[in-house]
Amino acid sequence: MNPAPNLVMVGPMGAGKSCIGRRLAERFGLEFVDVDQAIVEQVGSSIPAIFAQHGEAGFRQHEADTLQALLEQDNKLISTGGGTVLDPHNRQRICARGFVVHLHVSVPTQLTRLARDRNRPLLQRADREQLLHAMAAHRTPLYHEVADLSLETDHFSPAEATAQLVLRLAAQWRMSSAPA
């Protein structure tokens, strides 16, 4: 058993972190928080607007600040953005304060799932497939570095993936409060 005060979902966009995360949060009685949505609420602008105004570096700073604030709390299921693991401080914080679930998805499945999504600034380009392959090559080792548990989501519905994770989490994770 690996005790941790929070569950943290990591993985590429389109892996199912938010959809599956909401289901797991309900199942385990945790508060679900999507880091990107928390940033939008705090800043008062959409993710594309934040990228346009502050660039990716500005967005990543908001992401790091938001993640740190969330991880200081307990009993959360935190769904991170796909690039959260790029920052070594984020990786350290995630491992220190969460049981980390890595959801993996193949690039072809990502392309299918994200085909109509216009809310992801990094994908608003013609070479989406090449970009997703490059992101996977860079980020996948970082997801593996922080993961306590991994699940391939390509061939699972959200309900099936949730059921798989509930069984595995019951065997591997015990919710704990942080030391006082």
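Any Cβ shown, glycine's included, is placed from N, Cα and C.
Sequence-distant contacts of A15 (ATP binding site), defined by Cβ-Cβ distance under 8 angstroms and a gap of at least six in the same chain, are G82, L103, H104, V105, Q110, T153. According to DSSP, A15 (ATP binding site) is assigned to coil rather than to any helix or strand. The ATP binding site annotation in Swiss-Prot covers G14, A15, G16, K17, S18, C19, R120, and the record cites sequence analysis as its basis.
Among the features that Swiss-Prot reports, Mg(2+) binding site is placed at S18. Same-chain residues at least 6 positions away in sequence with a Cβ under 8 Å from that of S18 (ATP binding site) are, in sequence order, M9, D34, S79.
Taken from Swiss-Prot, the feature substrate binding site applies to D36, R60, G82, R139, supported by sequence analysis. D36 (substrate binding site): 24 other CB atoms within 10 A of its CB, across all protein chains. For the recorded site, D36 (substrate binding site), the DSSP three-state label reads helix.
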Rounded Cα-Cα span from R60 (substrate binding site) to G14 (ATP binding site), Å: 19
Env. residues of substrate site, Cβ within 8 Å of mean position of D36, R60, G82, R139 Cβ: M13, E63, T80, G81, G83, T84, V85, L86
Lowest local Cβ density (other Cβ within 10 Å) among binding-site residues: K17, R139: R139
Inter-residue C-alpha distance, D36 (substrate binding site) and K17 (ATP binding site) (nearest angstrom): 12
C-beta crowding around C19 (ATP binding site), within 10 angstroms: 18
